[in-house]
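Some notes on the structure that comes next.
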């Protein structure tokens, strides 16, 4: 059998695995949206069986044999051939999954399941000491995971790689650090500014029917195709893909504040546009999948923040928004609205943070999880270290651990190495957006006319259509001609908040 | 290994199969309710893979070996042991599936897929000749299926058994025939009666929100548990079970007529109450599953017709219905409403038929499909035979084949032997309901007070809790002390329509 045939067999096999995996995604989506409450236990059993079957397929020795056969083939070694990226990424994923001893996988599943339960209780009771031994166990197991998976730089790289393939702490760390150092004085200046927006409009009446139809209309205008997708309501917004023409967005609505519902729709639609832009004929193969969590987040944050919180965007949409909610917004001029949605202030909770302060929350977590993993910080000393960094970077004192070190689910779920992808998303987004401005000429004008096709085409050409053809760092270099840097994001923040807060 | 261990292994295996099968049911439900239009093709691929996996599991030689091992065990041969029913039904299902040659399964899949496509077109074009050769091919293959599966009485039995296990044409045929003979003069008398209801109220305004909440409130009062179920909207109403505590009902609404929405909810909730009443600890095993399509339909028809179209039911609910739709119903007295929902008239279309005429539609189909299968009727002669029977039994002339012999999807989908289960449902329902009246004393009074718990408890004790412990004919004998008969149904129809139409 020649390597073309082997490659075909491998691809057929992986596509069939995607059928099974996406079936599980339908069950997960339904669990979050419509499933009746008493059905949860059996749904877990269904998902557990499907996960086991998927894992067995993914780690089948046959896959390793196909990959070995292809390793030195022309097909896999010619970077000009997209098949080389398919083989590279399938190898990466196969190695990662087969290198983990089943015993460790089971121990991690137990520790993180229990960890999340205890975290929920401990957070409610504001009792970090209760959670500490479970977190310590999770960190011990994550170290073992990193050692089993292997790394060349530091242990942290092995975990980061699970969310941001091919990235390393050595590459990402300095960028996050330099971003943070520049943000601290900006955030402080905003805090001290005498300019304050009037956010009283976010305690008015916004009927949910109208929020839904307005949000859907905007997502449609951005280019999201509702023939191949839906919008539903869940406790926490998300985007998930159930098939090559099936992208599901969710949001949550607040009847007195349109921001949570609307900006979640923009954020998730940003993810959804990426998913809808991936080549559907390669669905299930690496060339039909997103590059990394960071690149994915760059798409959601670009639409939510760089487009959706911009003045040109509201030049176009604000009159329509006023028409949709005349009782709540007719008396508020555009400039007042624009300042109100862009209010910035140091705050305790990451998920509620504005774009100027957000990345400091991430830097704190990144520094702490690296220290925990490398053994430079004990779990018992974590709350003090957390509070110290909040004082230093954001100038605020967490009043307790529930609103401090225990606010996020990630560590209790074993997701160490995940947080940086949020900031990477913001960095990539700004760097791409600056390049799009250069390439498209009058991007602001297009947005102000409600024309989103040029930007979406640009994203499709430069990012979406390639799937995992290029790792994130290579993609950034290809598109912008330079490596990842904090420059574009800092320029954007300085310009925008400098003007708003008259810094 | 002793037989108890073998039995345990078999049960574990079958329960795991149910996880996979019910996962597919989630995907099917979602396809009908919420899936975006462009996602259909991939959904078919997902379902096709899951069906293949389920079939492989169900026909695995290991299952046959377990069943062989258990065949002569105490466990399987003691009728007092519920395990005997589990082994009996798993054997029945295993034999049926393994006896069908894969070549025949594939040929049937092709013929019925194509058959349905051609049927859709031919019906639209009113061109039976176009459909005829495809129907002939399907009947030829269904004969082969019957021969492969085997039978002791006649070929038809092998097909009927797929929908109504253990039933035979020799047992069912005479009951349907005697029912039909008695119905013909009743239906004729109704037609000739000078009494006519005023159905003008079914062309008024019934907002869908209110229809939904009213229907859900009634289903809840009947005992349907919405913590373990839902109601959604689909093109065609159905009930499906996605897990031991997860029963989904659907309906469709007409904004000017409350009947389609409301009575579909009652019908599907009747199915749903059966599903919620099955022993959840046996979910996936025969003792946790419904007896047959006929017994299932007896539950839906009892709640829809015998309860939901009764005077006591509306004594209780009509004031509430008037409160829900005051503009449309405030001026209509109860008696007028009661007559209007019970209007009976010979009609062309089975799915729109009232309870007095419905079973004649079934008898016609039953007689024709037996004749087709046994070779007593050629497909070319089918339309003439159909029209002849509609004249004879219902006194009406189908104006064309689209509204005549091509109105149902069943035959084009290879579902021969399915139709009788509709009438069996009506017959079982009436026979059970008469027995419930005897056992519960004042059932009419309970219903008139909106107390449905006694009836539901009776159904649970006598039917639901047993799963497939007893075949349908044995169940009827156990509960009512006599075999299946048309007596109870005829008495009900004569009493009810005799009074309404003053016969």
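Just so it is clear, glycine is given a Cβ too, placed from its N, Cα and C backbone atoms.
Lifted from TrEMBL, the feature list:
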type	residues	note
BINDING	B:267, B:271, B:297	Zn(2+) binding site
ACT_SITE	B:268	active site, proton donor/acceptor
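Everything TrEMBL records as a feature, shown here on the structure.
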{"residue": "B:267", "record": "Zn(2+) binding site", "CB count, 10 Å": "24"}
{"residue": "B:268", "record": "active site, proton donor/acceptor", "CB count, 10 Å": "26"}
{"residue": "B:271", "record": "Zn(2+) binding site", "CB count, 10 Å": "24"}
{"residue": "B:297", "record": "Zn(2+) binding site", "CB count, 10 Å": "25"}
Listed in sequence order, residues not in B:267, B:271, B:297 with Cβ within 8 Å of the centre of the Zn(2+) site Cβ atoms: B:239, B:268, B:270, B:296, B:299, B:300, B:301, B:303, B:304, B:425
Residue B:297 (Zn(2+) binding site) and the residue listed as 'active site, proton donor/acceptor', Cα-Cα, nearest whole angstrom: 10
Collapsed DSSP category at residue B:297 (Zn(2+) binding site): helix
